[in-house]
Amino acid sequence: MSAAPVQDKDTLSNAERAKNVNGLLQVLMDINTLNGGSSDTADKIRIHAKNFEAALFAKSSSKKEYMDSMNEKVAVMRNTYNTRKNAVTAAAANNNIKPVEQHHINNLKNSGNSANNMNVNMNLNPQMFLNQQAQARQQVAQQLRNQQQQQQQQQQQQRRQLTPQQQQLVNQMKVAPIPKQLLQRIPNIPPNINTWQQVTALAQQKLLTPQDMEAAKEVYKIHQQLLFKARLQQQQAQAQAQANNNNNGLPQNGNINNNINIPQQQQMQPPNSSANNNPLQQQSSQNTVPNVLNQINQIFSPEEQRSLLQEAIETCKNFEKTQLGSTMTEPVKQSFIRKYINQKALRKIQALRDVKNNNNANNNGSNLQRAQNVPMNIIQQQQQQNTNNNDTIATSATPNAAAFSQQQNASSKLYQMQQQQQAQAQAQAQAQAQAQAQAQAQAAQAAQAQAQAQAQAQAQAQAQAQAQAQAQAQAQAQAQAHAQHQPSQQPQQAQQQPNPLHGLTPTAKDVEVIKQLSLDASKTNLRLTDVTNSLSNEEKEKIKMKLKQGQKLFVQVSNFAPQVYIITKNENFLKEVFQLRIFVKEILEKCAEGIFVVKLDTVDRLIIKYQKYWESMRIQILRRQAILRQQQQMANNNGNPGTTSTGNNNNIATQQNMQQSLQQMQHLQQLKMQQQQQQQQQQQQQQQQQQQQQQQHIYPSSTPGVANYSAMANAPGNNIPYMNHKNTSSMDFLNSMENTPKVPVSAAATPSLNKTINGKVNGRTKSNTIPVTSIPSTNKKLSISNAASQQPTPRSASNTAKSTPNTNPSPLKTQTKNGTPNPNNMKTVQSPMGAQPSYNSAIIENAFRKEELLLKDLEIRKLEISSRFKHRQEIFKDSPMDLFMSTLGDCLGIKDEEMLTSCTIPKAVVDHINGSGKRKPTKAAQRARDQDSIDISIKDNKLVMKSKFNKSNRSYSIALSNVAAIFKGIGGNFKDLSTLVHSSSPSTSSNMDVGNPRKRKASVLEISPQDSIASVLSPDSNIMSDSKKIKVDSPDDPFMTKSGATTSEKQEVTNEAPFLTSGTSSEQFNVWDWNNWTSAT
């Protein structure tokens, strides 16, 4: 791009600017002389003149503007000086007094003294005269400054004081696209610039020449006039339409009831008569909403009117926000507020009429039918009114894609039919009793107010579906009316359909969570890149079209997401929706300005994601609807079983459609679950076969014991608890959670189970295992045998089989001998209470909820321990003593703040850890720190590491017996570290057989720990799983050691002793002498 053009004001020479300063200074000095100023004031005036000229030069954009402003300022001040000088001269000529004295006397006229009294005072007290003269000069100077400030303020106010309409026009001019015919009149404009906001940015960057600026000003005026004329015509058209609506209003209160009572025959019209008309035709048809704004003072009190107006303004603002950045014009806002207040007035009139009709129904039984029809007509009118109003106001949204439109129409149709049926049932219930009618009227009003707030953002998405649903319901009602020969004797009893969103009253916690998630989403920092230049015109048009089609989908997902959260309590889903809402809003705003920040494929993925969101939300709403319908049917069957069949006659078609859709969904879900179960069973069978083959290959001697145990488990009189049937041949029923009996929650935490889990487990016994979540585990690969609770070792299997069985019945008597149960047979399993009910997998999973949380916490604890040790190795790499002591402190449960270090941590390391250095961490380092499971810091030369998940109660201590086990065998007169190293060598182990050093007895293998459950949780507990892959006593066996160690090997082992350099020094090193340890560091 070329360099910025040189401003013509820069061509002014210093001599010309000095000439302007002298001209301004001459006028100021004349005024100072007229005011009787001193030399000090003259010096200040010179400084002010220079500063004023410099400020004016910097403010001016051209030489012409600079010279005009300077000449105008000098001319104004010269005129002021001449006027004052003439006035002083005229007064002095009349009174024969010097001009300066006459000016001072005029300034002192407010004190009530005349010219003669002034002369007397001057003769009597010269000092007082001098004081008055000085005061007069100060007053004149102050007046001059005040006048200048007032002139500047008036100019600023003239620029700033704009009416709301002018301000709105200015704002509209900033974002309104400039017509191409006008844009061509401005030379040197880049092709991507089409708004005045962008032109202003170019001018501020000094990329436009003065000729361009002059042309831009002329074009701006023309464009402003065009917009003003267009707005004026729009206002006139709206005012004329409003006048027509006012002419259709009610002149008297008595006519309100006549206009509200529309005959039922007019409402039961064919669907095409109302669905194909536009909003203006609907307003002029039989569904015209009565206007009662001229009687607002008779309906509401002044306080109610003020509160209602404020409520209407807030509702209008909320509606404007839901349009994702689209601005509403002032006439549309006023029309919205008027219609909102009109609806409120109609609702109040309706409530009063309902109470009156209920009173008449109680006094006269013949008015029952009329009392039932009137509220239905009013409700239907209000529903039609909401449709017309929303169609008139929100016309910016467009239809969505065809694939999503069918789904949305079906969902909206079901939702609207439920609302209408609920309103009909409430209207019929109101005619029974006055108290009950008032309560239901209030509930209906609250429900309608909530529905209105939602319908304002969803009006266009449901307008067509509402009209179709109303016509369909009216046609059904008309058919039922013809089918009933005696409607008075057999009154219609409509069954109230459950509203899927009814009763979703959010708790205080829900409201707080939703607010917090919305606030967090609003703080999201979006870094969008302008890709406008990389897109073709065809791609731009496609992006605009798809965003316009998906706008309705975006609004619906954003509006229904909080309500679905109340059902599912899924915070991640709501958070994603809020974040995407901010993302979509930014995209739409940029697109409205002609800037594209996403490509076409990104828009496609975004719409697909929103469609998936909506489909998921629709399924949740339908599920809740099915639950509410079942609850209602159960309540109707329990409360009035004789009227169930008659109540269902009104909603047969609706229920059939809903049941068919739900049955299809359930059938698909069952098929998916069955396929998953079959796949899981096949995988489990394959795993079992592989494990059995490995078991027979590795431990052939253990097969008889397992077979005996399997036969014992299948014996009819044997009593083995449900949780203990986990042998090799009867394992599958645990994996198919649907067909198993319900496990009580208390069974997972019984003392007997904990005791059996902590028991010894023979490592050679091979059995299929599943994770036992009640055991604290720190290793993902750790799995404890399911037969650990009651399963004996292979040596005692026969003895156990001979033991006397318990007489209590086993819950798995019907299990087949091969251990793989048939699903059909599992359904016939009898419980102690009779027939065994079917349980789903959710109930079984809830039984292990406590253990799952514990296992998760232990897994996090393991990660924290590993991370703590890694940080210690990094920081204490030059201090083994601190590394050892801090690790030992963790084992003893000592807090980090109480641990002292022997070395001083370098300041560079402290700044790096605490992030207090001048050098900021890189993105990779910050990402690693965020993903770390602990927060690390160094305070007062102490390494403090706190858990991110449990900062206060986290402890890494272990039992003292386990700490003592490390030093097992060390005692007596032990002083030499080499003794510890040699004694711990596997070559000198007492477990080795002297006769055959390469072979060992099975009893001394000690693959499974025997002492405590803590050793099971140690990192070495995966030896058992590793031993499955190798043979015992093979070269890869970790427990197998060569018979003799060479001298070099012994020397290498000896050198492993810390702080030992030679054999002589090892004899002198006393482990109990602290000085030796400190000197070694």
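Backbone N, Cα and C atoms are what each Cβ position is placed from, and that goes for glycine too.
Looking at Ser405, Ser518, Ser616, Ser752, Swiss-Prot tags one of them with phosphoserine, and that residue is Ser752. Taking Ser301, Ser879, Ser1034 one by one, Swiss-Prot attaches phosphoserine to Ser1034. Region 'Interaction with GCN4' is the annotation Swiss-Prot gives to one range among 25-49, 325-349, 925-949, and that range is 25-49. Checking Ser411, Ser729, Ser789 against Swiss-Prot, you find phosphoserine recorded for Ser789.
Per Swiss-Prot, the residue from the list Ser746, Ser838, Ser1003, Ser1012 bearing the note phosphoserine is Ser1003. For the residues Ser61, Ser736, Ser955, Ser1021, Swiss-Prot attaches the annotation phosphoserine to Ser736, which does not rule out the feature elsewhere. For the region 'Interaction with GCN4' (25-49), the number of residues in each DSSP class (helix H, G, I; strand E, B; coil) is 21 helix, 0 strand, 4 coil.
All protein chains considered, the CB of Ser335 (phosphoserine) has 20 other CB atoms within 10 Å.
Here the region '30 X 2 AA approximate tandem repeats of Q-A' (422-481) has a mean pLDDT of 48 out of 100.
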